[in-house]
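Worksheet for the structure shown next.
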Amino acid sequence: MEGFAYISISDWITICYQVFGGCCANVFVLENLITNNQSSYSLGSTITFGQFLVVTILSYFPNSDFKNSNWKRLYLKHSKIPIWKWIIPVTLYFINSLLNNLVWKYNISIPLHIVFRSSGTVVTMIVGYLFGGKTYNYHQIMSSIIISLGTILATIPQGAKKEGSEISLEVDANFILGIAMLFVACILGAFMGLYNEDLYQAYGNQWQEGLFYSHLLSLPLFLVVSKTIYQEFLIILYDKNQTIQLFPGLILSKQLVNLIINVFTQFMCIKGVNMLAGRTSALTVSIVLLVRKFISLIISILWYDNDFSKQTIIGTIAVFGGVAYYSISSIKRKIKKKNE
C-alpha cells in the first residue's frame, strides 16, 4: 500500500497548491452559486457540464502532438492506456459528478454534503477489501475511522443549524432522496478510485492522459440532460439580481462570474487530484481529499459567521490527529518493508 512518503517534496507542493487552493476556492464559489440561486433548478447539470468542458479543453494540449499526429486523430498522441479501458471509469465518474451536483435541490447543505463525501475513506476501504483484494493494517483502519468520525462530529452541529426546527413530510422525502443520491455517489467514487489505481499500476503514471480522456469521453453523456443544461444556463446568464461590471459597457451577472470561476478552479482541483492518484493509492487520495473537505468546511463556517461548538473543536483535533497518525504509520510501514 503506497502512502504519503512515496511522493517527492516538489510534487507535494504542486499537488497541495492545486488540491487545497483550487478545490477550496471551487467549493467556496459553488456555495455562492447555490446561495444566490432563486430558481427551481439545482444548476447542477450546467455546473457539471461546464467543469467537464473546460477540463477537456485545458487538458487537451498536454495530450496533443501536432508534429506526429493528424487531424483524423484530433492531433492527439497515441494513448498508452487503451481507450476501451476508460469506459467503466468514465461512466462511474460521470454519474458520480452529476449526482453530487444535483443534490442541491433536495435540501442538502454544503456542510452535510461534506459529511457524506468525507465518508469516502471508510467506503474506499470496505469496497477495496470486498472487491479489490485490499488489506489494511490496524493503524490505517484506526486512522481512517478517527478522521471520518472527527469530520462528522465537526459537521453535524453546523448542518443541523441550517435545517431549521420544522420539516414537512415533503421536505423529508426530498431530504431522504438527496441522502440516497450522495450514498450512491460515494460508492461509485470508491469503485472508480480502485479501478483507476489498477490502471495506473498496469500502464504507469498516465494521470494527464487519464484527466483528459475521463472528461472528453464523458461529454457525449451530457446529451441526456441537454435540455436542463440549456435552461439552467439561461437562468445563470440572465440573472439580474446581482451584476458585476468588469469593464465599461461589460456587465455580467454575478452568477455567471461565479460559474466561470468555478469551472476553472475545478480544473486546478481535478488536475491536482489526478496527479495524486497517479502517484499513490486510492486510500491516500481519499485521506487527502478528506482533509481538503474539512478545510472547506472551516472556510464555510467562518465566511457565514457560524459559531465553533465544542464538537467542532473536538472534530478538528480528531481530523488532523488522524491524518498525522496515518502519515506516521505509512512511513513506518515503508521503512519496515525496505529493511526486510
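Including glycine, each Cβ sits where the backbone N, Cα and C put it.
Residues annotated as transmembrane segment in TrEMBL: 12-29, 41-62, 83-104, 110-131, 138-156, 176-195, 216-238, 250-270, 282-304, 310-328.
If you look at the transmembrane segment (41-62) against the transmembrane segment (250-270), you find at least three C-beta pairs under 8 angstroms, all six or more positions apart, and that counts as contact. Away from its own ends, the transmembrane segment (250-270) comes close to residues 18-19, 21-23, 25-26, 29-30, 32-33, 36-37, 46-47, 50-51, 53-55, 58-59, 211, 235-244 of its chain (Cβ-Cβ under 8 Å, at least six residues beyond either end). Pairs of Cβ atoms less than 8 Å apart link the transmembrane segment (310-328) most often to 282-304, out of 12-29, 110-131, 176-195, 216-238, 282-304.
Within the same chain, the transmembrane segment (83-104) stays apart from the transmembrane segment (138-156): fewer than three Cβ pairs sit under 8 Å, each pair at least 6 residues apart. The transmembrane segment (282-304) shares the most Cβ pairs under 8 Å with 12-29, out of the stretches 12-29, 138-156, 176-195, 216-238. Scored by C-beta pairs under 8 angstroms, the transmembrane segment (176-195) has its highest count with 110-131, from the stretches 12-29, 110-131, 216-238.
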